[in-house]
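Everything on this sheet refers to the single structure shown next.
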Amino acid sequence: MKLPEIRAEDNATTVTQFLLLGFSDLPNLQGFLFGMFSIIYIIILIGNSFIIVITRIDPALQKPMYFFLANFSSLEICYVSVTLPRILFNIAAQDRHISVLRCATQMCFFLILGATECFLLAVMSYDRYVAICNPLHYPLVMNPTKCTQLAAGSWLGGIPVQIGQTCQIFSLHFCNSNKINHFFCDIPPILKLACGDTSINELSVYLVAILFAAVPFMLILASYSKIIATILKLPTATGRAKAFSTCSSHLLVVFLFFGSATVTYLRPKSNHSPGTDKLFSLFYTIVTPMLNPLIYSLRNKEVIAALRKLLPIK
């Protein structure tokens, strides 16, 4: 009885690379997928870069709200660059192999940037809360030093925990298979390849998800409950409409990101299916970063005015 266990252990220790299956089950659509993902990547880079540029050069956008928006756009570029270039390489080269080290590195950066997005969305909601609920104290509370500290905390806050979680997952032995039925190295498909009981690792994933996703989301909901209550007390319809317009874009992004990410990471391992995981992952890793520039620009008059100054738009 001991001999098969030793052999399984030996096989597990010799795994040096994984196979990212990605969209290999759609052989006739490889060219279409490469073109579509290339266009999406270009749209994300251009759209978010425009947001960064106009918030830097336009004097009317030198406000905390747009400082955080520029950080958010920078984050989206980094976030999507962890996964999309690899997808394009796999489709173009038809080489789906990835070393264990590169897989771990991709997962680590993806988790760190995901935590940053959760924190930054919470910070942006706090900024709107102070601006609407305490407008007289807004310049004092959201001063440049405080804004820089909040942004730095958002970028750096998840690094230690996510590095630890990545090390914990890749310290497991992989003996079931080396085929990852996903388009990048994400936690659920990696755990499926692990030998033995992974319940401790699943519990760790849930706890980290609660810390980095559920807690910020609850803070966002608390902020917006007070924001909405304050807006409804405004005496004029014009004032209420203006206040809602500054918050609606952010709230839409919050629900798009947290909704799809929560379904992915807070479901039990037994309920995960490759098709569903890919669909939700596509949504929060690629679709949401593509939509963000449109959401924030088309629903914000100050951003539209800045774009008209920068571009020859009549």
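Any Cβ shown, glycine's included, is placed from N, Cα and C.
What TrEMBL records for 47-296 is domain 'G-protein coupled receptors family 1 profile'. Taking the domain 'G-protein coupled receptors family 1 profile' (47-296) as a whole, pLDDT averages 87 in the prediction.
Positions annotated as transmembrane segment by TrEMBL: 32-54 (among others). Listed by sequence, the residues of this chain that lie at least six past the ends of the transmembrane segment (32-54) yet keep a Cβ under 8 A from its Cβ atoms are 23, 26, 61, 69-70, 73-74, 76-77, 80, 84-85, 87-88, 91-92, 286, 289-290, 292-294, 296-297, 303, 306-307, 310.
Per TrEMBL, the feature transmembrane segment maps to 66-88 (among others).
Among the features that TrEMBL reports, transmembrane segment is placed at 108-126 (among others).
Long-range Cβ contacts of the transmembrane segment (203-222) within its own chain (Cβ-Cβ under 8 Å, at least 6 residues beyond either end) map to 114-115, 118-119, 121-122, 125-126, 158, 161-162, 165, 168, 187, 191, 254, 258, 261-262, 265-266. According to TrEMBL, the feature transmembrane segment maps to 203-222 (among others).
The transmembrane segment annotation in TrEMBL covers 243-267 (among others). Tertiary neighbourhood of the transmembrane segment (243-267): same-chain residues 65, 114, 117-118, 121, 124-125, 128, 131-132, 186-188, 205-206, 209, 213-214, 217, 220, 224, 227, 230-231, 234, 277, 280-281, 283-284, 287-288, 291-292, 295-296, 299-301, selected by CB-CB distance under 8 Å and a gap of 6+ residues from either end.
Residues annotated as transmembrane segment in TrEMBL: 279-298 (among others).
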